[in-house]
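Asks: Structure provided below as structure tokens; questions to follow.
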Amino acid sequence: AEARSMESLEKQLICPICLEMFSKPVVILPCQHNLCRKCANDVFQASNPLWQSRGSSAVPSGGRFRCPSCRHEVVLDRHGVYGLQRNLLVENIIDIYKQESARPLHNKAEQHLMCEEHEDERINIYCLRCEAPTCSLCKVFGAHKDCEVAPLPAVYQRQKSELSDGIAMLVAGNDRIQAIITQMEEICHTIEENGRRQKQHVGLRFDALYGILEERKKELLQSIAAEQEAKLQRVRGLIRQYGDHLEASSKLVESAIQAMEEPQMAVYLQHSKELLKKITDMSKASMSSRPEPGYENMDHFSINVDSVAEMLRTIEFQTGA
């Protein structure tokens, strides 16, 4: 019972980024979740690539990132990650835990799976050809006697390392996608602002011309609104596409983190291949569609009202203005 209590406590002291016990100093986020300060800084830099300092000795400050546990947005002040509050309670608990626990981290007692063919034999090796855990008698006399095998712990550590790398890759990718979504939301705001400014400009010009200009005024305003709406629909469609990818990737990260907590090597290996394939497929998914530079610009809707009255009905937007 005491061992189970220590194991339960240990799970609460694991950083969701490095999957190791929190290292000093531990920072507490506004959502009350904890991170190693170094891990928080790594997530911040991945989420704010344009904020990274040019000099290697400089510390980036300001900006924002999302909590890897609950996706809550964390907004930093000018002190950056170093402005986050230290969680002294967690640090003290870790110190007490290390003093009380003589065993190394993750050295958990494992209930060994037994072979279905040889009931008294533990599953202790991994068949590389069949990609399945098995026992020594199966290798000597059974179905895997002609197969190449490897020690179960070696394969377990290798695949767990691959999964850990995959999780880190997805977390970094998710933060980059979130940054792209934020940038495109700002593009939407700029398009709306530019559209409103240009419509006001056109409206003021036409108001001075009265009756004969009213019909043409309506046509030009409709042209502006049509292009504005077309651009907004395209960018918002991309935002939904990136958001769907982010949601699916986040769920996959949660599944991978849960798999990392599986203490039984054989049980873990029964599902790790499929999980690694999903991570690889998700990482290869193309997310390259972006609005081209200057897409939000709508200055081409400028008009010239200095023409003579006979030309008013042929007014068009200036090109190259």
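Residue positions begin at 1 at the first shown residue.
Cβ atoms here come from the backbone N, Cα and C positions, even for glycine.
Where the annotation comes from TrEMBL, it is an automatic prediction and has not been curated.
Taken from TrEMBL, the feature domain 'RING-type' covers 15-71. Among the features that TrEMBL reports, domain 'B box-type' is placed at 110-152. Per TrEMBL, the feature domain 'COS' maps to 260-318.
Mind mapping these onto the model and telling me what they sit next to?
Replies: Within its own chain, the domain 'B box-type' (110-152) has Cβ neighbours under 8 Å at 263-267, 269-270, 273, counting only residues six or more beyond its boundaries.
Across all of the domain 'COS' (260-318), the predicted model scores a mean pLDDT of 81.
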